[in-house]
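Take a look at the structure below.
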């Protein structure tokens, strides 16, 4: 088969057909932006304390003193305990005798007990979250980061399975099936009766989220021409993802109940299903399956949309063995057995992006503003990723952004505790660099792997990244032991991966490979 891009060059790069594909595929990833980081608001932990039942006949002095004071590890200030109260039996006895706390009774000698009657939560920010509804605090606080990890486990599963399914059954089919899965299960999740059911639904939502994103990404990469492909794979898809991310804190600001918020996030997904009739299958993939007539029909439709007269014969086979290679069924075993591919997997471990995004709830100030700021910082990052991808070598772009991001994160521990805004600035600058490299990596991966395995390869590399994503919530959890520890770990890991990226092959200016034999060798 002659080179695909040469045979379809008559279509041009930016006709009505390419514009339609570009914008419709970008629009399909908007829900991914607010789905993947909705947990920031769904599972945020409001200020809380042990509940003292209202029916108890306690004096005002004892009701106000029923919660012991503890030293907060981060600031050293005395704050009411979140997980203990003075034993109510004793407090009630003191109140009935008319004794005053701190005057007649030394509170340090009063026995303590856990929150046997549950907790009361501050509702100044949220009406309810899954944390306040199912009491994911104190002895059960481990369930909070586990919720995010379950979601990313679904993402990992989707990365592993959906790529192979898309390489076998088509990019378009897989994309719309998983858009439906993500939408329906988010809707079901809003009616979860328990934390266990919520997590089970969240797992499936994670599966659908990454599956439709990767399928849309590969579909656009294979349909669009080289210059437009660069914009699509760096700035295009990611800017629309960031738009969804920006809509999340705005919607969460107006909807403070987690169930209603999920409904608000789920319902727009049904608007994407009619796009089935406007987004074509990948002609490259159809050719790799030997479905030449279907591929020609799509290219002729594209020519009609662009008002161009196509040649009588668009695709022709010149080598029988080449056709056999293209129509051969491939799977993940071909990916892992190839010496050209295996070393590429480690560079996609991107724990930092999700750890920094999930950490917005812990930053000083308003959680909605911080999340919006975290989303806004991605806009220039994605624009920079396009600039780097358009004019700079891939390895250099990846190394500089990762190493710079790691350096900024490592500097945070050197900032005094009272200089909060400088620390936040460094964190957002680190997020900017990590986001830029995140966009470059996805586009870089699509350039390295052949058509017959592109979706599987992208899914497998994404699967490796999700191992880091599963761990990311626990990086944030380490703040309870040391505020600096998450930044030291994230900064070191990012800088190390930046150095390892120099071992990858360079794909700048190279055509997309169609078969495994067309791939470059990995020098590392």
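Keep in mind that glycine also has a Cβ here, set from the backbone N, Cα and C atoms.
Checked against TrEMBL, the range among 146-166, 167-187, 188-208 recorded as transmembrane segment is 146-166. Annotated range for transmembrane segment in TrEMBL, selecting from 321-343, 344-366, 367-389: 367-389. Among the ranges 261-279, 280-298, 299-317, the stretch that TrEMBL annotates as transmembrane segment is 261-279. Annotated by TrEMBL as transmembrane segment, the relevant range among 485-504, 505-524 is 485-504. The range from 106-130, 231-255, 406-430 that TrEMBL describes as transmembrane segment is residues 231-255.
Within the chain, the transmembrane segment (21-43) has long-range Cβ neighbours (under 8 A, six or more residues past its boundaries) at 126, 129-131, 136, 144, 147-148, 151, 155, 175, 179, 182-183, 186, 205, 209, 212-213, 216, 219-220, 223-224, 228, 232, 236-237, 239-249, 251-252, 258, 261-262, 265, 268-269, 272, 275, 278-280, 354, 357-358, 360-361, 367, 371, 375.
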